């Protein structure tokens, strides 16, 4: 008993120990799991923060168009920081340490302010006169762009009378520069002289004006300047010349006007597209000025409100601005020309304004004018003015700018053919110095003592040896057009000489490889343009030829240049044996071309064989035709045999192919006062019998059932076409007669008698010549009784063995040619079997009365035309 109790106690203790151990392990696992979760959260937070910082750093780096990985972002950041450190060290080395330089101004800002205060500009000249650098402030003083002066000779802008003096000043320092020492550069390198410099103009034809300038500076050795900066001249010196400049001396001078200007143009535009907004009254007074205006024009809003805008405009621009104002008041919106605006600092800035008139929302009256002013540079203004004058801007030379390659400015614009020809004519492209040499060589030499400030050129100066640009362009246009007109092929005649001349173009010694390759590119672009224009011209020629062909076909159809046959056949197996033409004078028959009828071509030899066969048909058609070229009257009669070997006679005046399309309407038109078509139900046995004629109006539709035979009279109005189109549902024979216009002397109504008979299939072909005589007599009797057509009886309708179509026309005493066309085409007997022939005729008669009731009108109500 005790043993069992002790065993139970021991087992309970063991179980308790096991459970405690298990609980401890579970708690330890929970703690580790919680630590792991918290560590993962902190790690994820750190990674997210790191990614955010990397992304922000990558967005600040330049050229971040594509997604960069972390290593690339860090590498670019390191490169940027290293470069920034070098630039900072260089700027600290060249920092102005004097006390008179304000600490809150950078070197560039201080230099710009000093140049504006001195009315001068910086000029760096080599001892041979080559200009390697010029500051942008030269624009406000001499109206030259820096690109006009850089890499040119200073003697191109100095009168010839002062060349020797300036050259002597520079050459003396050149001789002494062989033994350059730091002591010499500190003591004897001062340079000061005065001379005249050429003022720039928008129009080169204007008389040249010289300004009296003062040069103050010193000489500097280029090898003593840090190679990375060259004191700001790094981007200006060409790489091809940089090695030769390393051991030479340049003169850095401040060039000032001897007589300062009180008001001058702003020399630089930091942000050319900077803009501000203002509102004006209809009298052009300021009503509003936004917050962007004061940094640009210097005026605060309250300083200009109520004042007129014309108070701030240059006097030379007032006329153009007044015209722009009138245009605005007329059209309600527009864009102004380039004009000069006077700032508060007494400087002129160039602006261009987009404006529009706003209207009151209730009464729609003009309220005020909203203007958006944009700052533009003088280079844009000069280029626009020269384009208006028809002067092409000279291409800038291959000069390197700061942070850019040396050839970045030497891009050739190949937009138009004219510019390409202009470049090709001037190839090899002259350098800027040669252009300036020609510019200054035609100016007269003036005495500096006589005109201390400005020297206008003499008007008697001989003109330049070369023609102006617009005259050259006119000559090139005339020669170019004459060459293109005289050549057989547009493309080869223009492209081959140009390409061959470009291929054989020698490369001058002073011309860089880049310029030559650019000219070759221009020639290739010219070739592509000419080839494209050639393809366009050829396409236009083909299209015009196609349109002309269609017009000729329509004219032949409308004005009766030939007889056109339009055929509607119910059975596609219908064959035409031959076509016979008979005329009063067989010598007048010309060559005939094949006739295309519903996809089947009747060749000329078949027509001629039909002409020689001389078969006689069972029906005749009389047609009067007026000829535009013949002066004699010809009358011919034409007959065609119909049967298993059918023949059609056709008179044609043209040699073009006649096409027979399908139509489902019937049109009989002529310029006569009126025409009538009589369609009897069947041919009577003798012509003495009488029948009633049903007449219906012009605007009512004729409806014929399949296989139905009717007696109708159709009155039609004159229409300017000559075609008869037969519907497929009419069993009146498958012949379409086309006739041209008639003479205006035809005054009376004309009647067409159309008679149908169903051909007899069992009748042999040998009996047809025997039936010719009674049928001709029957036709003559019908022509005499045209006003009334006899109507056969029911027995005659059922016993009619043959069906044919006869069309007759009244002939008038007209001097024009008369053609007689007769054709007969039997219906296909395979449509109805012989055993059911009588039954089908009775069904046709039963449907006759119903169609007359629905479709035909009372003949008493119709007046013949």
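In case you wondered, yes, glycine gets a Cβ from its N, Cα and C as well.
Looking at the stretches 16-31, 32-47, the one that Swiss-Prot records under the feature motif 'Nuclear localization signal' is 32-47. From the options 332-351, 392-411, the stretch Swiss-Prot describes as region 'Disordered' is 392-411. The range from 280-313, 620-653 that Swiss-Prot describes as region 'Disordered' is residues 620-653. Between the listed ranges 216-264, 755-803, Swiss-Prot ties the annotation region 'Disordered' to 755-803. Within the chain, the domain 'PAC' (336-379) has long-range Cβ neighbours (under 8 A, six or more residues past its boundaries) at 139-140, 143, 145, 262-266, 269, 271-282, 284, 287, 293, 296-299, 303, 312-314, 316-317, 320-321, 324, 328-329, 385. Of all Cβ atoms in the protein chains displayed, 10 besides its own lie within 10 Å of the Cβ of residue 84 (site 'Important for interaction with BMAL1'). Under DSSP, residues within the domain 'PAC' (336-379) fall into helix, strand and coil as 2 helix, 28 strand, 14 coil.
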